[in-house]
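Written out below as structure tokens is the structure these notes cover.
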Amino acid sequence: MPSLRFQLLGKDPFHDGAFAHGMERLSVGLEVYRTCSWAFGSKLFEVLDPPGGLLERDGEIPSQKFTRFHLESLQSTAVEDGSDWIVLIIQFIIVHICSWWGRRYIWEPLAKSCMRRPTPRNVQKFSAIATANLFHSLSAIFAWRMLYDRDWLWERAKWSIVVDEVEPDVKFFYLLYAARYISDAISLLFEITKEDSWAFAVHHIASVGLVLGSAASGYVRIGCVFMFFLDWVDIVLTAAKLLKYSSKKRNDIFQILADRLFELFAVSFIITRNGVLNYVAYVCLVDFENAPILKTQVVVLVMLMTYWLVLILKHAIHQLFGDGSIDDLRESDDEEEDEEVENVDKKRR
């Protein structure tokens, strides 16, 4: 029997087809997830699985070679419309659970065992940085496996071509990239506030908008260019921070390695985030037509990278005129606060 509420409203989703339509769309979304995830896994591990190997046995690989993005409104009557939102939600749930499970049961215990001052603030920062390092590393590997052999990746003239269909593995990686930044944006609400937390929030939101907007508008190739060329440098930065937190005293092996990685990061950041990104942004502004929102998001990213470049220059000045070791200036206030607390404890003893 329909509920009294639906009877009074004159609607019954169980009988007017709304519920059945929603379940059919969910079924389509799950099938899209299965097809694209299998294609993603096949592409990712084909280097380990030769032709005719396990991934190609018994005809288990879906025969679909190309697919479209379906990021339409869920109010659309077509069953396949909006099905990618289901894929994105599934990916977000998986990424977010892995992120916080890893922090709680892997990175925080590791931080308490290897840090010189395993205060709650430092442990939380260590776990967040370790999670970021893992996700950036996986993202870089995924980008290399999914995109490096695409001929259009290396030709500027093909970046602005609007494409209606993409390979299922590229589609899965594309949505997974957006899901990661959605998870990162939500995680910021539960992390320690830093000087540039606002910049990270804007960056994550702009990145999600860029990915989903380019997918919906057909400018998938320029989105892939961003993913391929710009994620690598964050691996170096997060690795340097982890070594810094693992340092027991100044000028030990961890601090020395951290200093060298910070130097490598500074050079890599200028080349990729202030060189390559500015060039890609120029291409977007010049070659792309009827994409004002996409262009705006790209400009926002360029402005953020310029802001972070200023912070990097502060790092360089700090090293040249300081004690020769590089600290993360965005966390300097926290470090000084921890040191003050430690000094007070020593005086009390």
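Note: Cβ is positioned from N, Cα and C throughout, glycine not excepted.
Since the structure is predicted, the reported quantities are computational estimates derived from the model, not experimental observations.
According to TrEMBL, the feature compositional bias 'Acidic residues' maps to 330-342.
For 121-321, the entry in TrEMBL reads domain 'TLC'.
Here TrEMBL flags 329-349 as region 'Disordered'.
Positions annotated as transmembrane segment by TrEMBL: 85-102 (among others).
Taken from TrEMBL, the feature transmembrane segment covers 123-144 (among others).
Only residues 6 or more beyond the boundaries of the transmembrane segment (219-240), in the same chain, are considered here, and those with a CB under 8 A from a CB of the stretch are 69, 129-130, 132-133, 136-137, 139-140, 143-144, 147-148, 150, 152-153, 158-163, 166, 170, 173-174, 177, 210-211, 257-259, 261-262, 264-265, 268-269, 272-273, 276-277, 280, 283-284, 288, 291, 294, 326. The transmembrane segment annotation in TrEMBL covers 219-240 (among others).
According to TrEMBL, the transmembrane segment annotation covers 261-281 (among others).
Among the features that TrEMBL reports, transmembrane segment is placed at 293-313 (among others).
Counted over residue pairs separated by six or more positions, the transmembrane segment (123-144) shares fewer than 3 Cβ pairs under 8 angstroms with the transmembrane segment (261-281), which leaves the two as not touching.
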